[in-house]
């Protein structure tokens, strides 16, 4: 009975993860890759293709999960719970740092959040690769530790929980630095968007609308500049010849 309960809990967690991952892949990646082809298809054909792609992606995730079992068995302690916590410590701190800054610091910008996330995820993936690319001899087995010294220094002497704190701080620093170097979000877009403006009664303007207006202004400016571009050498020469011809005709 206990085994059935554990299996049911595991299956419920996996189904939500697989469903979310397939939705992200289908809606955020596949649609952009197939954007030109979708313009020539009907709505029903597009929905059928998305359904098939989502199910195939779930099957791919299941296959990857099965193939990944030896990696878990070859980890330092082979305990599933510890393995899950270590993976979370590599991937969750950047998301937590960016979320907290976006909610509590109104100066946070989109480029700052993006580069903070990218930096944190890259560093976390590097740590993950370093930790699970080399097997650790079991405690008390008397087997030599054949890992390189740099791996022992950065992985063996730094617990993954301590690493998660450092990764969280690094993401914070990168997000703040990039946010200060980029233009802030307009004040008219902040009401009820951050913690300090949660009770604001002012109307909020969509950030996307502001960006579209700025793009339209940039396009108008580019069009005006293109109309006022200085004439080329060919046009100057042609104008000079025409002017001399006109003066000669007037004298005659």
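Heads up, the Cβ atoms here are built off N, Cα and C, so glycines get one too.
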For the feature transmembrane segment as recorded in TrEMBL, pick the matching range from 52-71, 192-211.
52-71
Stretch contact, the transmembrane segment (83-105) with the transmembrane segment (6-31), Cβ-Cβ under 8 Å, 3+ pairs:
no
